[in-house]
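Notes for the one structure printed next.
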Ligand SMILES: Nc1ncnc2c1ncn2[C@@H]1O[C@H](COP(=O)(O)OP(=O)(O)O)[C@@H](O)[C@H]1O
Ligand SMILES: [Mg+2]
């Protein structure tokens, strides 16, 4: 068992409101990702769940029982810190053994458990080294091992892969997903990397300035962002946003372009809107009835695809194209829009107006 | 020491000469520096050398006019007197007890307090810390009369316990301030990690943070020890009997009769100075590391 529920968490540091009513419901066995930019309150959320932060308001329930007043030890959680927090004077072995020593396991049990987790994470040959003798990736594995050596109620992980180089990060992503599946345990995983969130999570909570913006599966968050900010934060290249308003059966852009008004939107005429278009829902190669006139602004070849920056009026659209495409800046072209997959937001509140009709 | 060197170098009589000195070639500058430092060292070390010389001179040579620098007869009689006939050995023992006990007490009280001030959010923390520091603003002699009266009232006058308590009272604020710098340097996340491992907050402090503080504690304790060991004003006001007196007032008491046994005074002063020197030498690495660690924020 391992459900984690946080309700209405509030915490301020002086004038900074780090958590402004955070509510999360993590089901048993989930890979639950908290995604947000730096300073969003992700670490504070994890620390509050772990019992390391005294809350101004809110409650934490573990396995359905109120644990708000429990000490960290009583909560039976394991955490991987963003800084790893490996004990500097102790060997990797002793670091990994620490949770078992604290719980008074026998030394034969400890040896067996450390061996098991060391082979799981391929760090057998590092066990006698101290943290100062380990590379970043090795420290990260040891920190993971210290958490995984026990079977706690849930694992809390604070950006464990952020400090690794790209290749190692991609490897560890797969490995962590594999470990999660084989353990069947509850993971609460914090990251500022939306690729990590989308590729690893069962469920994502998007956090900004201490407030949860949206909770959902990676697909939901990507396909149906609750507001303009989530749409902009999730996805790479970032979604392109164009100011416009509805006029009868047309959408009219601030720069004068027009598109057919999508059937699903309920926005009344004249209301200030933002049209959100993802790169893969735009094309410079196909023809369709919904298209925008623009000119090539730049090309960004990425190997498997090329992102074409197209200037429409004063704004830049990012358009996904095949890798072999060519174009010279200034060249005029039409960008075809898949309006069924477009997003509309209220320009004032930023809230999505797309949900209703889909 | 470093400060006084800098002052001695920069506060030359004719400031106009300073820039040419700076611009001189590496070797010329080194010669000037060595010369200045030599002068300074001679001035500062002469009294110490003289004390050591006097402590091993035959009495005849101690009082010789003109003073003998090199060709005196060497004797260790004065040192024998310090421990055998003068009764000073009791004072030294008292000093060891008083300085040792007050240092231990100040460390035991001050280190956890420093940890608490470093780790926890407290109401008016800055004001509290300023108040603690402010107890060190005035010279101790200012409060010696009221303390004397209080001690007489509660019967702590002329007792080792009285001295231990007053020295502890002076060393605790110092220990808190010095140690808070060291604790600030140890990431709180080690304790957080330990608490998630299953330790209590105090266990986390004891098993994970405290071992990392040992160099800082050593440096702080040496300073506290030196303060208690050297303290003179309270010792002379609050104690009167030879059985209780610590070494500083006891040595001072040797001066003042009709004849002064300068050999004995010098020998007891050397004996008095040695432990602090040896101790400071043993922990010198920690002292330097400690002072810079505590002062420089990363
Ligand atoms: N101990 C602290 N003291 C003061 N401010 C803090 C402290 N911890 C976090 N904050 C502030 O709270 C906000 C959220 O921080 P954090 O939870 O660390 O964000 P994240 O992990 O998402 O980057 C930030 O503005 C940060 O500066
Ligand atoms: Mg963080």
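Keep in mind that glycine also has a Cβ here, set from the backbone N, Cα and C atoms.
Model, not experiment: these values are computed from the prediction.
For B:92-283, the entry in TrEMBL reads domain 'ABC transmembrane type-1'.
The region 'Disordered' annotation in TrEMBL covers B:1-24.
Under the heading transmembrane segment, TrEMBL lists B:30-52 (among others).
The transmembrane segment annotation in TrEMBL covers B:92-117 (among others).
Marked as transmembrane segment by TrEMBL: B:129-154 (among others). For the transmembrane segment (B:129-154), same-chain residues at least 6 beyond its ends with a Cβ under 8 Å from one of its own Cβ atoms are 117, 162, 166, 170, 173-174, 176-177, 180, 231, 233-234, 237-238.
The transmembrane segment annotation in TrEMBL covers B:160-179 (among others).
As annotated by TrEMBL, transmembrane segment applies to B:208-229 (among others).
The transmembrane segment annotation in TrEMBL covers B:262-283 (among others). Residues of the same chain lying 6 or more positions beyond the ends of the transmembrane segment (B:262-283) and with a Cβ under 8 Å from any Cβ of it are 51-57, 59, 62-63, 77-79, 81-82, 86, 88, 92, 95, 218-219, 222, 225-226, 229-230, 247-248, 250-251, 254-255.
Of the candidate ranges B:30-52, B:92-117, B:208-229, B:92-117 contributes the most Cβ pairs within a distance under 8 Å of the transmembrane segment (B:160-179).
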